[in-house]
Amino acid sequence: MGQQSTGQLDTVMQESRVFPPTAEASARARIKSMAEYQKLWDEAAADPAGFWAKLAKEELHWFEPFTQALKWNEPHAEWFVDGKTNASYNCLDKHVAEGRGDRVALIWEGEPGEKRQYTYAELLREVSKFANVLKSLGTQQGDVVSIYMPLTPELVIAMLACARIGAIHSVIFAGFSSEAIADRNNDAKAKIQITADAGYRRGTVLALKQTVDAALAKSPTVEKCIVFSRVNEAVHMQEGRDFWWHKLMAEASDDCPATPLDSEATLFILYTSGSTGKPKGIRHTTAGYNLFAKKTFEWVFDWQENDVYWCTADCGWVTGHTYVTYGPLSAGATVLLYEGAPNYPHEGRFWELIERYHVTLFYTAPTAIRAFMKWGDHHVEKYDLSSLRVLGTVGEGINPEAWMWYHRKIGAERCPIVDTWWQTETGGIMMSPLPGATPTKPGSCTMPLPGVIPQIVDSTGAEVDATHGGWLTIAHPWPGMLRGIWGDEERYKEVYWEKVPGKYLAGDNARRDADGYYWIMGRIDDVLNVSGHRLSTIEIESALVSHPSVAEAAAVGRPDPLKGEAVAVFVTLRGAEPSEELRKELIKHVRNQIGALAQPDDVRFTGTLPKTRSGKIMRRLLRDIAAGKETVGDTTTLEDYSVLAQLRTEDE
Ligand code: WTA
């Protein structure tokens, strides 16, 4: 086994090291060997619907049993037809009913250091109370509830309370702008808004309610707004519309039985960027998603009863839906939630938390790992990380160097690393090592989970020699797959099912090596991956063009050592001259339009944008310029570009 020092190999194409699971990891694991994994995978692949149906019966509570495992009318899947269940019940009541009510469900630490803890029985009471609060404000089954909150137990409580009564939550990450909230609220026709007065981030107070006030001025469908007092800030409360969380909770009964819901009842929508300017509301339903979240959580993290599990994602992203909330809670896990930044008040905050709470399973993102490497090992070395058992990553491919650092510095060469590939659309992890079974290769998400059947195809849909790479598709429906794009049936078909008929098109390129390991090679569309978050180039361009001084804009990704990709934009102006002031203003404008995560790192003014004869922006050329592979001046003219463009093919 190669155990070379880091830094020698930094491209995944050359990566050849293999790290088998330790004997200790295999001995205690649920799935103990590759032979066991292969047997399970083969069994599932032979009859995916039967495989999942058996698990659904065992793992979920059913108010009414289902009569059919899968109804597949491409591209529409219905799983566990006619069954009735409830995700909130599976996450809470089931544990209490089965004698696990005293187990700790949530441990929370706020950024300034407050600590709170809830057992499953306590969480059930809070969720039931808040479900009654929602009802008292007129929330009904099928209504959309928009949630814009800091990472507090109340965020999880709000999600589970929606699930309890069949309301559909749409969680919007609390870093998005008022414009972005209003767009999502309007697209979803949200009826209720839940927010907080403010939140903490890196020591500063974010005025969330103020942002929501601006959003609600443009969200005509929202009737009521519930405000959780997180920071004790004085905020504007609009009479008849805005209500304090604590006041409503003080009067609410804690008796609210979970509503039996159809397996295919929409559980939530979550907006994510696609290749157009308009974010899509990815729609997930109840039973299939819940089962997939639970099983994939148990398999991938090898969850066991005494584990303390920490996923650092915010509930504003899909990882926070599936692997902070629904997966671990339906398994009955003890989940740590931390509200704040990894470097506040110091760069060792994460390791301090792992030591304090004896975290055993830790799940984070490559962008965070790269930041930890940069901050220095001394922040890690101060803390006792010996409780750790399994380490995970998600959001983007992990560079072998970062993988090696994670393996050595955090995992002490003892903890298996699970590099998990999945998407908002897939609902849960699709490909990942299993800690007790899969030998890992740094930078590879290794192999598909049982019941997941990937295929690599060319643009005609034909299977190709996968070692050369191609489009990643999934050949058979799985329970956690998206059921649609909210309010846009056509787009759902077009984006995921039309280019390669009969298979789900993931939008990623991938290759499979001679050992059957998958390597994700990046997107096939204009989606950027900035710090593990999806952004569409067109979304950023539309934001820029909405500024009065901008005529045209092109956004591209630029490799960035910390963020993975940084946002570089090229703009042509109308009625304005390039200036430092305008550059700053445009950056601020994108922040206001979308949110801080979309803010350009690099703004270049240009006299013109290079285009093909058919008028398409030559993005590849712009990417090379942004990456410094082609040099042009800061305010480039048509002549400069045309020289470069002549050197290129015109048919990008
Ligand atoms: C990328 C996040 C390589 C990929 C759960 C995918 C990854 C997109 C990995 C989905 C990984 C996610 N290795 N690439 N382990 N995980 N990606 O919807 O391009 O925010 O299509 O879901 O992130 O991002 P999303």
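Positions of Cβ are set from backbone N, Cα and C atoms, glycine also.
Per TrEMBL, domain 'Acetyl-coenzyme A synthetase N-terminal' is recorded for 37-91.
Feature annotation from TrEMBL assigns domain 'AMP-dependent synthetase/ligase' to 95-486.
Summarising the environment of T424 (ATP binding site), the number of other Cβ atoms within 10 Å of its Cβ, over all protein chains shown, is 19. Here TrEMBL flags G395, E396, G397, D419, T420, W421, W422, Q423, T424, D508, R523, R534 as ATP binding site.
With a 10 A radius on its CB, H547 (Mg(2+) binding site) counts 20 other CB atoms from all the protein chains. Annotation comment: TrEMBL describes V545, H547, V550 as Mg(2+) binding site.
The N6-acetyllysine annotation in TrEMBL covers K616. Following the DSSP three-state reduction, the secondary structure of K616 (N6-acetyllysine) is coil.
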Mapped DSSP class for G395 (ATP binding site), helix or strand or coil: coil
Distance-selected binding-site residues near ligand 1 (C-beta under 6 Å), from G395, G397, W422, H547, V550: G395, G397, W422
Other same-chain residues whose Cβ falls within 8 Å of the Cβ centroid of V545, H547, V550, the recorded Mg(2+) site, in sequence order: A543, L544, S546, P548, S549, A551, A553, V571, L586, H589
Count of other CB atoms lying within 10 Å of the CB belonging to G395 (ATP binding site): 23
Position of peak Cβ density within 10 Å, selected from the binding-site residues V545, V550: V550
Number of other Cβ atoms within 10 Å of the Cβ of W422 (ATP binding site) across all protein chains: 25
Winner by Cβ contact number (other Cβ atoms within 10 Å) across the recorded positions R523, K616: R523
